[in-house]
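A short write-up of the structure that comes next.
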Amino acid sequence: MKTKKIFDSFNYAFEGIIYTLRTQRNMRIHFIIAILVLFFSIFFDLSKMETIAVFITISLVIVTEMINTSIEATIDLITDKYHELAKIAKNVAAGAVLISAVNSIIVGYIVFFDKLDKLSTIFIHKVRNMPMNIVFVSLLIVIFIAIGIKAYFKEGTPLRGGMPSGHAAVSFSIFIAIAFLSQNTLIITLAFILALLVVQSRIESGIHSLIQVLVGSLLGALITLLIFNLVY
Ligand SMILES: Nc1ncnc2c1ncn2[C@@H]1O[C@H](COP(=O)(O)OP(=O)(O)OP(=O)(O)O)[C@@H](O)[C@H]1O
């Protein structure tokens, strides 16, 4: 019962993210930039502190945009008439987004600019030393893209149903990561069986159709393959 409640809370939270993605053009822009920054951060020799700065900065922009959207909805619920306080509330929330966006440009400049010229030499070397980093970054990119496509198709709920299957995408992304990292046929086969079991259980329980899990599996596998091929 408690587990179901926690699951429901996550579902509502994802619905909030998807609602903002669907309705706010700025949120879509933030998401695309976040995916690109995460993807390209693989090729830069980011320190622990720089990685933390990038993650906090991305979160700050997305979170302020969501709070802005929430405040706009609350004001529109209270009044559709012109009101000085409504204007103040919306303008202040929009100001918060602007500050976080300017901050992201400053952080991006500080973290990435002087690394650009070193890009070619660190291209392969650096991620080899940080396989954990690629695994989690590629997993995050797969999750972002799966949520984005779900928002586009407007089917199911964020964690259940819809096109594509997020579980299939994540499990096949992990399968490819294990294949690259282990390079051991037995481990790869076992990981593949686990991924297939995840996919099969989504169909068996009626949450996803065959085509949704196929698209999810291909999406997760191909994106992860692409990222690993670029860095290995
Ligand atoms: N009820 C209102 N009373 C007074 N001014 C308002 C009211 N609603 C909106 N405004 C003004 O219009 C601006 C835009 O408000 P709106 O609700 O259209 O946000 P938006 O254009 O969707 O913003 P965003 O681009 O962040 O999504 C507000 O920042 C505010 O200055």
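Backbone N, Cα and C define each Cβ position, glycine as well.
Per TrEMBL, the feature active site, proton acceptor maps to E65. Positions annotated as ATP binding site by TrEMBL: Y12, E72. What TrEMBL records for E65 is substrate binding site. TrEMBL lists E72 with the feature divalent metal cation binding site. Residues or ranges marked as domain 'Phosphatidic acid phosphatase type 2/haloperoxidase' by TrEMBL: 133-228. Sequence annotations record features per position, and here TrEMBL assigns transmembrane segment to 29-46, 92-112, 132-153, 174-198, 210-231.
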Under 8 Å between C-beta atoms and at least six residues away from its ends: which parts of the chain pack against the transmembrane segment (210-231)? 39, 42-43, 123-124, 127-128, 134, 137-139, 141-142, 145-146, 149, 161-173, 175-177, 180, 195, 199, 202-203
Per Cβ pairs under 8 Å, the stretch of 29-46, 92-112, 174-198 packing most closely against the transmembrane segment (132-153): 29-46
Rounded distance in angstrom between the Cα atoms of Y12 (ATP binding site) and E65 (active site, proton acceptor): 17
Cα-Cα distance linking the residue listed as 'active site, proton acceptor' and E72 (ATP binding site), given in Å to the nearest integer: 10
Where among the recorded positions E65, E72 do you find the Cβ with the fewest other Cβ atoms within 10 Å? E72
Hey, which bits of the same chain come close to the transmembrane segment (174-198), Cβ under 8 Å, at least six residues off its ends? 131, 134-135, 138-139, 167-168, 217, 220-221, 224-225, 228, 232
For ligand 1, which among the recorded positions Y12, E65, E72 have a CB under 6 Å from it? E72
For the domain 'Phosphatidic acid phosphatase type 2/haloperoxidase' (133-228), the number of residues DSSP places in helix, strand and coil: 77 helix, 2 strand, 17 coil
Considering every residue in the domain 'Phosphatidic acid phosphatase type 2/haloperoxidase' (133-228), what is the mean pLDDT value? 90
